[in-house]
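In what follows, a structure is listed as structure tokens, so that the remarks can point back to it.
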């Protein structure tokens with residue numbers, strides 16, 4: 001399933017409104033076929049109903065970009081591959097039908113052999129236009145909307161049922177209507193498988209298959225005139241090819257899944273085994289889970305390393321405290337050395353003062369002694 005921006009209510013309303021408008025317009029437009037003056041086998045005006053319904057829904061509901069996600073006109077290798085299949089599968093269906101006619105019927109009837117007053121080019125252009133407007137509504141819009149909430153396979157079933165109701169033909173009896181319903185349903189399922197995992201590039205593939213089938217049926221067989229055998233052959237041929245194509249596609253995807261050890265979503269998005277994966281996790285899922293755990297552990301380790309680097313850049317309080325204490329010890333030691341030096345200077349100064357004082361006293365004493373001696377000598381002489 002795709003990621004959806006639609007609420008559940010809006011999703012349901014878009015599908016419901018599309019269905020109602022399509023069915024109502026198919027009844028209304030049918031009465032205007034004679035008015036436009038174009039034969040029904042060239043262009044059926046009723047086929048405009050899904051196109052108009054899609055346009056109305058796009059204009060009415062929000063998230064228009066998401067509504068138009070199924071209408072991309074770019075080309076990829078996968079689109080070219082599916083285009084080739086869209087042209088080959090109708091050939092296979094018609095070959096099976098022709099073989100059945102040659103085996104079980106006397107002949108087959110060319111439809112309207114007496115009334116083909118329109119050129120082949122006009123018929124081809126008309127069928128391409130019919131295929132485009134129908135598939136724009138049912139594939140590019142409706143199936144795209146359905147795939148936002150459900151698996152591609154089941155979305156194709158829903159679209160197939162709505163398309164079969166839209167094209168139902170009860171004019172020629174119940175049995176004929178039953179085979180016609182089977183034919184249109186398998187017709188739609190084949191297109192649903194063809195457009196799988198094309199990322200919105202659906203319109204080329206769906207239009208090519210649709211136009212190829214309807215254009216060939218204009219000339220071959222006689223189902224349009226109510227021939228039950230023709231309708232039965234076409235319905236069964238389409239069913240055989242459709243079932244075989246879906247089964248082969250599933251087998252190929254399963255082989256790729258087993259050989260590459262990928263999940264089916266990686267092999268092909270929106271696969272119809274996704275619900276089995278949810279219920280029964282495989283070994284590959286377990287290995288992918290373990291790989292995810294390992295990667296998450298590596299991410300955790302990397303985060304721890306980054307945190308350590310970040311913390312290493314932050315100032316550490318304990319380091320600051322140690323640095324401050326070291327600074328204090330250095331300052332105290334410097335102060336002690338300064339005090340010691342100052343005390344030594346004071347002691348040296350005091351010693352120098354004492355020495356100088358003692359020398360002065362001694363000189364005075366010597367002078368006194370000399371004076372006394374001189375006086376004594378003077379007295380003796382008198």
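Numbers run from 1 along the shown chain.
Using N, Cα and C of the backbone, Cβ positions are placed for all residues, glycine too.
Since this is a predicted model, take the numbers as computed values, not measurements.
Listed in Swiss-Prot:
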COMPBIAS  284-293  compositional bias 'Polar residues'
COMPBIAS  294-320  compositional bias 'Basic and acidic residues'
COMPBIAS  327-382  compositional bias 'Basic and acidic residues'
REGION    278-382  region 'Disordered'
TRANSMEM  9-29  transmembrane segment
TRANSMEM  41-61  transmembrane segment
TRANSMEM  83-103  transmembrane segment
TRANSMEM  118-138  transmembrane segment
TRANSMEM  153-173  transmembrane segment
TRANSMEM  175-195  transmembrane segment
TRANSMEM  202-222  transmembrane segment
TRANSMEM  232-252  transmembrane segment
Annotated stretches the transmembrane segment (83-103) and the transmembrane segment (232-252) touching (3 or more Cβ pairs under 8 Å): yes
How about long-range neighbours of the transmembrane segment (153-173): same chain, 6 or more residues beyond its ends, C-beta under 8 Å? 19, 22-23, 26, 49-50, 138-139, 142-143, 146-147, 180-181, 184-189, 191-193, 226, 228, 271-272
Can you tell me which parts of the same chain pack against the transmembrane segment (118-138), counting only residues 6+ beyond its ends and a CB-CB cutoff under 8 A? 18, 22, 38-39, 41-44, 47-54, 71, 159, 162-163, 188, 191, 202-203, 206-208, 210-211, 214-215, 218
